[in-house]
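Chemist: Have a look at this one before I ask anything.
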């Protein structure tokens, strides 16, 4: 697999479409700085799927689209296509050539394609997976890689090795796992806080739920009795309604009897009515018959008029047919004469055509003979001309070879002169190097003395640094502890603030009302909030007050009853449950009597009145007194029992720890669950947390200031130590530089001696080449002279044949003119004959047409005469039918008059029936009035029944049928009503009841269980994440160690090849901490001692970095490489080594090198030049180098 071509359009500075074709071997891309040559490497990165704009040297991905210049507009898209030869099927796709395309529009849309078929980025990534090519591969290497290796920062250098070892993805996964672990710990802290809060809510909710269950039991009993009483009343009303229905049925029977009498009268006269009806029907039938006859008469008269019009029309048509027949007969006679003339003309034209055809055939035979002679002569001329052209090409090639040989001779002579100068310069340089070596050896002795003094200063500063860092580490640990405590406090405060914002712990109905108040200010007018939100309790008495208030903490305080009513209607309308409201206008204060209060204050253990321990707005003081004014707080249970007995359990007593002695004698107590905060203590805990947070922030700030001072001291020490190290490093560098310089001078002296010998051998080779070129040049000159003589002889042969052809061409031209005339005559006559035949055919067609038309007109005239007779007979028949219809019509009119008289008599007889029917109707009206009174009584009872049924529905949501299961036997209505009163009194005595507490308690218990499950899951998740992090770390260590060893081995091999000997290795500074250790690069160039890479010269360090990169490439080979100016910092000698090293591997991989170094250009097989002839727009030119010619020249 290798890279065949690259097509770029609209990408960065390549505004116009350019195509770069690549061959195997080494291709160099050259150009001045800023010309855009590195954009070629960026284009390859981009088309292979690079997603980082920073890697592409931009800030946004849209920056890759050509943005325009002063003279060019921006383009709308960038497109890059990469063509890869896949003949060896390296890529897992069944194509021998694969084209990868990426296109991006300025709108942000992006397209990918494989062989012009749209695809996903993932498809391209998977296609190049395990090939060494792609976003994660090392097939594209920029100078940035060299900078990372040469960087003094261990993080940047280490990143190179981590990417090469393939553990970068594991590090990303580990960071993600650590982030999830921290998130899990924060969630665990929050859930623990929520669980503590839920534990604090469970016991009060349990008490409220028990009270709610008792309320439900009483309510259910009351419902059963009241529903049964309603059903008993409904049954009695239904019975009375049935009695009224019986009386109404009797009246209805009498009404029906009167109606039957009226019917009998009507039946006795029904025959007369039927006779009258038949007469009316008969009269109507007669009228319809008369109308039908009149219509028939009118229709027949209309038909007569139509027939008369048709007869007139047929007479007119016959007159026209007679005129047409006379015209047709005249035209047929004229056509007969015209056809005879045409026949005579056709015979004459046929004779003329035969004569001109014979003349044309004779002329064409003569022309064919002349053309055969001319063709043969022309063939001879053309063959001679072609031979002349071939000879001229041979002459041109000979002259070019002779010219090239002259140029080669001149080049060899110039090269010989340069070699002589090079030999002289090499001898002089060898002498200078010997003198420089002696001076450097004297300087080295002074440098070594200065290094010993600098080391002593650095050791003293290093000890001081360790002391400062130990103190700084202790301060940072303390600050981290304070920071974690601060984070924990802020997390707890956030949990409580979230619970306060979401009204955690309040019932669903209370939350719904308060949310509605928040969303609708008009609705919230007069509603102040839940009691727990509006009071403040001293911390020592929070438990006691919470036990006393219990579910009342969630009671909602309103201005008056109307505000409460509005909220209750809202809850009912939206089916949101029930809530208890405390209107300020109706809730009255309740306090202990003054004489009892004075005695209570003197009792042992007395702490105070509960209402005095609560602070609130003055408007709500009456509500607090109502709830807590008759509750006394004492120190312990013994004091409570003593006080309760003293006052015969007349009021409520509560201890500080929450034991409660109720009025009447019941006692509540037991253990309290541990809790974070209750409803009434939540605000206090938030305030306390805020105080602690402020204190922690203050402590953190003090520690940070102390740390800052220590860091300043550390920085000062580090600066002094760095200066000392730098001085030592500079001295070491001077020493190493001088030692290296001495070694290099020795190498140069040796190299110069060898160079002089090599140059002298090249000089002798050039002398031999000069003699060879001179001999070849003489041969080419003689060959050119011989070819010129052959060309002259051929030209004379061509001239003689051209003169001979002129006479024959004149004859040919004359025959051509005659043939053209004959052909014109023949064609003209043939055309006339054809026209004449067509005219005769037209005449015959017209004669046939006229004959047919004549016969048709005569037939049509006979047919019209026949139809006229038929129409006259039809008219006579219609007139006879009209006379018959008029006679029938007269008879029917007489019958109609007779029927009308008979109907008048019957109508007078029927009029007498009305008086008898009127009397019966009056009786019916009296009976209906009595029936109306009964129905009014029934309606009243039904209204009463409906009222009871509505009460049944309104109060219990039951219909009569649905209420049947609740029916109980009612033996004594009065006793039943008494029991209903008792039950209502018991329900009132329960006081405010939160029915939703049952559901809230169940939900809270469920949520408590859910949160405990969540906490268990988070604990397991924490353990699992710790395990995952450990496993990833082990995999990273194993893979890094294995790959690091492989890199080390390859690095040493490449180093020896590039430096022609020596030794190199990479080491971990801390082998116990593989994943965090610094990485040292230790090298030993030939003739030097083993040392850190940073102590080498700049050029040597760059060469070492290149060796390391090629070592990595050996471990992760790719079919092609794009190297972007990685040899930029090398000196000329090392550039040639670099280029030669690449050339040795061009049979294994394809290399595309972006460079501006001469040595790399000389080694290339193909050169591409990138220029900016137009400012801001890159252009490409190419040149194929003939390496064999270069080697011969060398």
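Backbone N, Cα and C atoms are what each Cβ position is placed from, and that goes for glycine too.
TrEMBL lists 32, 33, 34, 35, 36, 37, 38, 39 with the feature ATP binding site. As annotated by TrEMBL, coiled coil applies to 167-201, 234-492, 686-951. Residues annotated as domain 'SMC hinge' in TrEMBL: 525-644.
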Chemist: Grab the same-chain neighbours of the coiled coil (167-201) for me: Cβ-Cβ under 8 Å, and only residues 6 or more beyond its ends, written as numbers and ranges.
Modeler: 159, 488, 491-492, 494-496, 499, 504-505, 673-679, 1004, 1007-1008, 1011-1012, 1014-1015, 1018-1019, 1021-1022, 1025-1026, 1028-1029, 1032-1033, 1035-1036, 1039-1040, 1043
Chemist: What does DSSP give as the helix, strand and coil breakdown of the domain 'SMC hinge' (525-644)?
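Modeler: Going through the domain 'SMC hinge' (525-644) residue by residue, I get 64 helix, 24 strand, 32 coil.
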Chemist: Note down the number of other Cβ atoms within 10 Å of the Cβ of residue 36 (ATP binding site), including every protein chain shown.
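Modeler: Taking all protein chains shown, residue 36 (ATP binding site) has 21 Cβ neighbours within 10 Å.
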Chemist: Across the whole of the coiled coil (167-201), what does the mean pLDDT come to? Round it, please.
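Modeler: Across the coiled coil (167-201), the average pLDDT comes out at 82.
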Chemist: Give the helix, strand or coil assignment DSSP yields for residue 39 (ATP binding site).
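Modeler: For residue 39 (ATP binding site) - judged by DSSP and reduced to three states - the answer is helix.
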Chemist: Near the Cβ of residue 38 (ATP binding site), how many other Cβ atoms are there if near means within 10 Å?
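Modeler: I count 21 other Cβ atoms within 10 Å of it.
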Chemist: In the same chain, outside 32, 33, 34, 35, 36, 37, 38, 39, whose C-beta lies within 8 angstroms of the Cβ mean position for the ATP site?
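Modeler: Counting only non-site residues, the set is 13, 31, 1170, 1172, 1178.
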Chemist: Using a 10 angstroms cut-off on Cβ to Cβ distances, just flag whichever of 33, 35 is the loneliest among these binding-site residues.
Modeler: 33
Chemist: Around the C-beta of residue 37 (ATP binding site), how many further C-beta atoms are within 10 angstroms, looking at every protein chain?
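Modeler: So the Cβ neighbour count for residue 37 (ATP binding site) comes to 25.
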Chemist: When DSSP is mapped onto helix/strand/coil, what comes out for residue 32 (ATP binding site)?
Modeler: coil
Chemist: For residue 39 (ATP binding site), what residues in its own chain, 6 or more apart in sequence, show a Cβ-Cβ distance under 8 Å?
Modeler: 8, 11, 12, 13, 14, 1178
Chemist: CB neighbours of residue 32 (ATP binding site) within 10 A?
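Modeler: Cβ-Cβ neighbours of residue 32 (ATP binding site) within 10 Å number 12.
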